[in-house]
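Below is one structure, written out as structure tokens, with a few remarks after it.
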Amino acid sequence: MTQITLLTPDDWHLHFRDGDMLKETVPATARLFQRAIVMPNLLPPVTDAKMVIEYRERILAARPEGSDFEPLMTLFLTNDTTEQDIIDAKAAGVVAAKLYPAGATTNSDAAVKALDALFPIFEKMAEVGMLLLVHGEVTESHIDIFDREALFIERNLRRIVDAFPTLKVVFEHITTKEAADFVMSASDNVAATITPQHLLLNRNDLLVGGVRPHNFCLPVLKRNIHQEALRAAIATGSSKFFLGTDSAPHEKHRKESACGCAGCYSAWSALELYAQVFDDLGIIDKLEGFASIHGPDFYGLPRNTSTVTLVKEKWTVPSEIILPNGNPIVPFFAGEEVSWKVKS
């Protein structure tokens, strides 16, 4: 197959950041994706309805002229979140709330330290129809970074899912066989997003031949048996798995430093890279489900009606992009050849 037409896809997990960065990140996503779930881990985090409304307005203001791209907003859960916060956020159009264990990722220091205290919040979310999005890692310093996702499932996620069977839960950016197996065996109210980097790469691509900071993300890349498990999961065509890039921009100097930031900025190449993976696996016919159907169906939103066409044509991801402030950012797969391209 040398050409494929899909219903316009959505990105069910990304980071736009804020300020001038929005002038880069919003158009990058809006070029191909109709909707995106926008992460709330700003400084300060987006913890109430007023902050959500204001952030959404800033995103809309950064859309390209004529764009009808729709940001889907989320609330940042803390141990100070109240049931009224959930009610107000739902009224403001929030579709999901995000559970970050404190310290798990960029700007998550204010996040959840006492999970059980949030159980009344989860109950209210189930009642009003708000999804729970989970960054599934434990964060105690003595626990090996490669084991944190699997431990989170056993310590926390299984308890949440069992306690709130009507709560829809998205296990975001899964990276392990344990996560894929958990999602497959859980109820229909549990699903997962998978990033392009976790399908394309494993920890060798981060550490062999030198540290490669632009492949560094959280959750960190795992060994190849886990990469293969994720690839096997999408090959099933299961509606439990769908596209979430976790596109996470950081300026070049913040990645290429003695203590570099975590995140892969994949918005400019994500759909094409997913197509490459699906094609390599001989399942290109399953790409539309993963990219365009499973996500809206799980969220209870209408599928898009417009389409996008990809052709099998090689192109090279730019080595860097200049941000509105004049600083460079290195996109994911920079300088690499990609075998699928969006038909202009």
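One-based numbering along the chain as shown.
Cβ coordinates are placed from backbone N, Cα and C, and glycine is handled just like the others.
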Query: Same Zn(2+) 1 site as HIS13, HIS15, LYS98 according to Swiss-Prot: which of ASP181, ASP188, ASP205, ASP246?
result: ASP246
Record-annotated Zn(2+) 2 site (Swiss-Prot): member among HIS142, HIS173 besides LYS98, HIS135: HIS173
Site-mate of HIS15, PHE16, ARG17, ASN41, HIS135, HIS250, ALA262 for substrate in Swiss-Prot, selected among LEU75, LEU167, LEU218: LEU218
When distances run from the Cα of HIS13 (Zn(2+) 1 binding site) to each of the recorded positions ASN41, HIS135, HIS173, ASP246, the nearest one: ASP246
- prompt: Taking just the CA atoms, what is the gap between HIS173 (Zn(2+) 2 binding site) and LEU218 (substrate binding site) in Å?
  reply: 9
Message: Going by a 10 angstroms cut-off between Cβ atoms, which of the recorded positions PHE16, ASN41, HIS135, LEU218, ASP246 has the sparsest surroundings?
response: LEU218
Field: Coarse DSSP state, helix versus strand versus coil, of HIS13 (Zn(2+) 1 binding site)
entry: strand
Message: Restricting to the recorded positions HIS15, LYS98, ASP246, which ones have a CA within 10 Å of the CA of HIS135 (substrate binding site)?
response: LYS98
Task: Take the C-alpha atoms of PHE16 (substrate binding site) and ASP246 (active site) and report the distance between them in angstrom, rounded.
output: 10
